[in-house]
Amino acid sequence: MKWLLLLGLLALSECIVHKVPLVRKKSLRKNLIEKGLLQDYLKTHTPNPATKYFPKETFATVSTESMENYLDAEYFGTISIGTPPQDFTVIFDTGSSNLWVPSTYCSSLACALHKRFNPEDSSTYQGTSETLSITYGTGSMTGILGYDTVKVGSIEDTNQIFGLSKTEPGLTFLFAPFDGILGLAYPSISSSDATPVFDNMWNEGLVSQDLFSVYLSSDDEKGSLVMFGGIDSSYYTGSLNWVPVSYEGYWQITMDSVSINGETIACADSCQAIVDTGTSLLTGPTSAISNIQSYIGASKNLLGENVISCSAIDSLPDIVFTINGIQYPLPASAYILKEDDDCISGLEGMNVDTYTGELWILGDVFIRQYFTVFDRANNQLGLAAAV
């Protein structure tokens, strides 16, 4: 009887899902609009989300990401670093692999306006002589690498390597609604070869399954979660459809086609798509997105946003993404975003060069519709209709 009880407790422990709540805040774009700075920002910043996904070997000595990719990011969670814990708001970003936060070593104004990690206040911090340098489109961050305990939800991830920023120049970080970034992509794209947080969790035996899952609620205030080490079926309907990862760097998959009303409008001969929680919008090649914007009647306003009449939403067609033989329709209620009294297209074009070919980024606009499992053990993504 005791053995049966013990086995039951072990089985129960294996089913534990560590849930980290996410909150939805104003994006960097909205902050800039409210301060009347967006037009000036866009004059010196030319956002191109594709830059984030160019192959690492394309660049010389630093990794390059498009910080403008986070211009519309809205979902954030809280982690803590150190002993006693110091709290930070971060993007849980499946499109990058490094964890970094501002630090007291940083002299940039952006750091002064955000929470900063103080290594001297942590009894468990271990410094290194290693440096971290990430160049973003028109800005950058530089810093050093250190080790400390990182708490993510109920998980205490000891001896985790992370970046402590020393410089964060430019406006991009200044008005960002987050302190740092927690990358959840593969270690192969990690700057300075730093071990990503989830890899360390698995290596230390802190999660029972080598996977995590994401549920993004449409509710403006609550309900969104990142779940480490398991899957909670109450957040989706039907069954999970599994899609092989085509490149173990980003969470990249092969997509069959993109269609509207049964007509293929893009990705005719299959293409690559990346499922990225760090991208709020749904992005694709400029020409394809322009065609869709015209099809649905969206037009640019003075701020460069594609707006549409709110009364037209009910008559707009689904955009259907066919992945591994399964259709994933995206209704207008998902790809048209309501902001106050305005209705804005959640689709964005990006300049894709010869390094990437035809590439689509299935960001939060898609993930809100489809509960997503990021399965590292089997290098696959699980998709199911979100509740």
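Cβ coordinates come from backbone N, Cα and C, glycine included.
No curator has checked TrEMBL annotations; they are predicted automatically.
Annotation comment: TrEMBL describes ASP93, ASP276 as active site. The disulfide bond feature in TrEMBL is assigned to CYS106-CYS111, CYS267-CYS271, CYS310-CYS343. Taken from TrEMBL, the feature domain 'Peptidase A1' applies to 75-384. According to TrEMBL, the feature signal peptide maps to 1-15.
Residue density at CYS310 (disulfide bond): 13 other Cβ atoms are found within 10 A of its Cβ, drawing on all protein chains shown. Of the candidate recorded positions, ASP93, CYS267, CYS271, ASP276, CYS343, the one lying closest to CYS111 (disulfide bond) when CA atoms are compared is ASP93.
Packing around CYS343 (disulfide bond) is summarised by its Cβ count: 19 other Cβ atoms lie within 10 angstroms of its Cβ, all protein chains included. For the pair ASP93 (active site) and ASP276 (active site), the Cα-Cα distance reads 7 Å. Around the Cβ of ASP276 (active site), the number of neighbouring Cβ atoms within 10 Å comes to 28. Distance noted between the C-alpha atoms of ASP276 (active site) and CYS267 (disulfide bond) is 19 Å.
Closest in space to CYS343 (disulfide bond), of the disulfide-bonded residues given as CYS106, CYS267, CYS271, is CYS267, taking the CA atom of each residue.
For the domain 'Peptidase A1' (75-384), the model's average pLDDT works out to 92. When Cβ atoms from all protein chains are considered, those within 10 Å of CYS111 (disulfide bond) total 23, not counting its own.
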